[in-house]
Amino acid sequence: MLKDAIKKIVRFETLSENEAYGAMNEIMDGKVSEIDMAAFLTGLRMKGEEVEEILGCARAMKEHAVKVEVNNLYAIDTCGTGGDGGKTFNVSTCSSIIAAAGGVKIAKHGNRAGSSKSGSADVLTELGVSINLKPEEVKREIEEKGMAFIFAQSYHKAMKNVAPVRKSLGFKTIFNLLGPLTNPCNIGGQVLGVFDQKLTHPLAEVLLKCGLEKAMVLNGCDGLDEITITGSTFVSEIKDGRIKDYVIKPEDFGIKRSKIEDVRGGTPKENAEIIIDILKGKGGPKRDIAVLNAAAALYIGKITENLKDGVRLACNIIDSGKAFQKYEELV
């Protein structure tokens, strides 16, 4: 199946969803050589991954993951692709805690650092939040505390077959897209930041076909896989079974533009300190970007009707002490 897929890819032909699914199944099962795996990943990257191919690969990867079921709960994820080179602090992790304090159920899927100094797993460990949760513990944490971390490497064990090849290739592959598309929990919504504007609409199509009810796939004009405060953010939103593309700016929400340097982070320890400062009410650009992204989670999490209301609520959550209180509850 994989060899047939490679032959099509080198002719720059698009794989069907089932062909991509079959090829990825073989990879996940560890049935292929590293040479064939590298050829498949390189060929896809050169050709450009299409919606059907991403969908098929995501389906295979999810089927190989350890499952987490949150019955009768509408939970969302805020996992992004990473790889944006922005060197920001862990914005989505911070915004997730704020949103959870506002009543959103967060199934935060993530991993240790890839291209940055601090992945979500790294900063949460530094914050004292448990990352090594079993499926039943994830379910209980989401139900009782409103947020739990799903450590990707513990739930996607088949990825061990891929790790050496990805490291050897040294460039972005389809797996950079698959991470945020393969949350082991049966989420209903997602805020998904991507490293390239060209990916927002295609990945929204994938999420829609995966059955998500609400989602925002977004990319900042500066390349951030977050809603940025340096300028415009491109958004592809899933709502009522359709995808709408639009642009938002910080001033639309009464937030002043800042420089990318103003939201830079560092080591997991430094980023943990930044997050605690924000949750305790410290102002400035770092709070602003956390508030904007928390607003997206509050909106997709069905707590607010729009982003403007989300911004107001996120500010109130922080200023009332509820955000820091939620953090204390999580540790």
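The backbone N, Cα and C atoms fix where each Cβ goes, glycine too.
Marked as anthranilate 1 binding site by Swiss-Prot: G80, N111. Long-range Cβ neighbours of G80 (anthranilate 1 binding site) (same chain, at least 6 residues apart, Cβ-Cβ under 8 Å): S92, P180, L192, G193, V194, D225, E226.
Taking Cβ-Cβ distances under 8 Å and a sequence gap of 6 or more within the same chain, the neighbours of N111 (anthranilate 1 binding site) are G119, S120, A121, F151, A152, Q153, G179. For G80, 83-84, T88, 90-93, 108-116, S120, the entry in Swiss-Prot reads 5-phospho-alpha-D-ribose 1-diphosphate binding site.
Residues or ranges marked as Mg(2+) 1 binding site in Swiss-Prot: S92, E226.
DSSP gives R166 (anthranilate 2 binding site) a helix state. Non-local contacts of R166 (anthranilate 2 binding site) by the CB criterion (under 8 A, 6+ apart in sequence, same chain) comprise L41, T173, F175. The anthranilate 2 binding site annotation in Swiss-Prot covers R166.
D225 (Mg(2+) 2 binding site) falls outside any helix or strand according to DSSP and counts as coil. The feature Mg(2+) 2 binding site is assigned by Swiss-Prot to D225, E226.
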According to DSSP, does T88 (5-phospho-alpha-D-ribose 1-diphosphate binding site) fall in a helix, a strand, or coil? strand
So how many other Cβ atoms are close to D225 (Mg(2+) 2 binding site), meaning within 10 Å of its Cβ? 27
